[in-house]
Amino acid sequence: MKHCEYQQIDPQALSTPTPTLPPQHAVVQEEKKGETARRKWEVFPGKNRFYCDGRIIVAQQSGVLPLTLGLILVTTVLFFVFDCPFLLKHLTVFIPAIGGVLFVFVVISLLQTSFTDPGILPRATPDEAADIEKQIDNSGSSTYRPPPRTKEVMINQQVVKLKYCFTCKMFRPPRTSHCSLCDNCVERFDHHCPWVGNCVGKRNYRFFYTFIVSLSFLTVFIFGCVATHLALRAQGGRGLMFALQESPASAVELVICFFSVWSILGLSGFHTYLVASNLTTNEDIKGSWSGKSGTEDTGNPYSYNNIITNCCSVLCGPMPPSLIDRRGFMPVEESSQTVATEVELAAKNEINVCQLVLCLSVFVCMAHHHPPLGGQLSGLCSVLCWLMSKCTQGTKDLLESASRSPCPQAGKPQTVSTSCPDSIDPADPAVTFNPDVTSDPVAVPSLKCGGRHHSHTTSPPDEPRQLHHHHNRHHKTRSARSSSKRAALHISNPAYNVSLSPPTSPGLGPSHGTGAEEHVRDSFATLH
Amino acid sequence: EISAPWTFHNLQELRHSASLANKVFLQRDYSDGTTCRFQTKFPSELESRIERPLFEDTVKRLNIYYAEAEKMGGQSYLEGCLACATAYLIFLCMETRYEKVLKKIGRYIQEQNEKIYAPRGLLITDPIERGMRVVSLQLLLLLCVCVCERETDKEKHKDR
């Protein structure tokens, strides 16, 4: 909380036993300083690598990308150095020009395919995952892995099964697949290409297609030019061997081009077919829509049944944005969420409960300090109580007791909170702290139950006022959390309460807030 | 209405101070294929919080915006062909239509939050922050944030 008007209670003074709070606090401090602010790519859960501060994304293994680049570069450089001068002289200037353009296209589209986010889906946040789990199965235990979950949806009057991804904790959208090499779910997953060193998915499919088409053009072009070159040299009855001796580099180019042209042309043809029918390699290989595995008519529900529309939608469609936001900064809650397990989240809720109670008590304190606001604050207090009553069951008990405890009234100087030590008059006999209490590290926002609360005790009104300290305590252990998801209210009495006549406060036994929860709870209950 | 001395300064602060927040998730509607649409089914948890027509209106509007972003028409084909002709280098300098519509959606959600949802104790999260998988609505329970010191920030936010 930033600069507030009311007296701020340092959460660390609460000495919450839950270990996650101080680190969270530290994280918050860090984020605010901005010195160690982290970008999202630094905590990306997949197996990708990032360069240039998140601008460039590649798979974990670059595969044979260097080989691909190397082959292309070597062949083209050799072509320009050894074949182009001859062809320039004997044929036309367009040959190197076309070669240059094709080469530029190939390299740029290759780099874009390799370095672009293919359409990675960010993993589900813990809240989402919990929501989905709730929808699927309420009774399954979390220790064993249940059979693969599927959800059926109707797409274009056809039933499509969506599978649940255990790694990403969500139901995969249609046409999405999980790449085990990159450990990500990728939208419209085509395949993981080792030549390119990245997955090919929705966002970089058009780059990939441009790459293989332009590469096949380049390969064919170079092959043709080199063949022409050699043929021209071998003219006049001098023979092929003579031509090869004169230009040995051409032989290298011929060999490379010859062996790659078949595979590249084949790949281009295959992908042209896929584009025309709006299929992915993944679907084609698995035979999802060809009826091999299916029974009824399983046509492709995504196809527009028109070649041109299919081509346009795949290649010229709008470019979807990257969903993983690599260069964004980690917000505070997200960073704590990404590390929070289910259990920690529950512990966090517990902290939140106590923060709420803390805030409530702070309002009350403020009411004391600023009497004119008291009326407003009491109203706000009641609203808060109502709001809190809407929340989880685990806090309901706490809130019931809190709501029953009457809100403070303005202008009652005797309603003193231990959190406002400056207002306490040590000389006041009514305000004697139990040394155990003050030394108790779990101090002391008090739910102020002011004058009216005193009426619960049967002491006469002119008796010295007593202080009822209601302590909130977090349970250190999670077993405590599992037993009851509530912050227990401890009632601790000042040492002087021995001055009370025993019948007046039967419930306020000598419990000093250390053990005796149930006893305390009962006693609290008797007060109301 | 309670005139508390605390006021909202911006929704970011509100988000930070929402401690005990329950979340409701609206999942995607795939009946039309892989285009981005969200289910307009009214969740039962919101029954007490917001009126059904308001909610459905918001979701329908969001769906319309997403459809506009993904629409394949003359403009998107032109953009695609131009991009292809420049070896897609144009994406480095130009903002695509999709990105423009996403910004519009972000502004729309912000406006809806300020006008309709925050007063009812709800907060819509932009789906882009959740990978376009869900529209998440946060049910807020804690209302107060801090005062006066942030007045200047509020002015700055308004100017934005």
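Note: Cβ is positioned from N, Cα and C throughout, glycine not excepted.
As annotated by TrEMBL, compositional bias 'Polar residues' applies to A:9-18 (among others).
Look at TrEMBL and you will find A:402-421 (among others) tagged as compositional bias 'Polar residues'.
Among the features that TrEMBL reports, compositional bias 'Basic residues' is placed at A:467-488.
The annotation compositional bias 'Low complexity' is assigned in TrEMBL to A:499-514.
According to TrEMBL, the domain 'Palmitoyltransferase DHHC' annotation covers A:161-286.
What TrEMBL lists as region 'Disordered' is A:1-22 (among others).
The annotation region 'Disordered' is assigned in TrEMBL to A:402-528 (among others).
Long-range contacts of the transmembrane segment (A:64-82) within the same chain: residues 58, 96, 99-100, 103, 106-107, 110, 114, 194-197, 215, 218, 222, 225-226, 247, 249-250, 252-253, 256-257, 260, each at least 6 residues beyond the stretch ends and with a Cβ under 8 Å from a Cβ of the stretch. Taken from TrEMBL, the feature transmembrane segment applies to A:64-82 (among others).
According to TrEMBL, the feature transmembrane segment maps to A:94-111 (among others). Same-chain residues lying 6 or more positions outside the transmembrane segment (A:94-111) and placing a CB less than 8 Å from one of its CB atoms are 68-69, 72, 76, 79-80, 84, 87-88, 196, 207-208, 210-211, 214-215, 217-218, 221-222, 225.
The annotation transmembrane segment is assigned in TrEMBL to A:207-232 (among others). Tertiary neighbourhood of the transmembrane segment (A:207-232): same-chain residues 72, 75-76, 79, 83, 86-87, 90-91, 95, 98-99, 102-103, 105-106, 109-110, 112-113, 116, 190, 193, 196, 200, 240, 243-244, 247, 250, 253-254, 257-258, 260-261, 264-265, 267-268, 271-272, 275, 314-315, selected by CB-CB distance under 8 Å and a gap of 6+ residues from either end.
Look at the domain 'Palmitoyltransferase DHHC' (A:161-286): DSSP puts its residues at 71 helix, 19 strand, 36 coil.
Summarising model confidence by region, the domain 'Palmitoyltransferase DHHC' (A:161-286) averages a pLDDT of 89.
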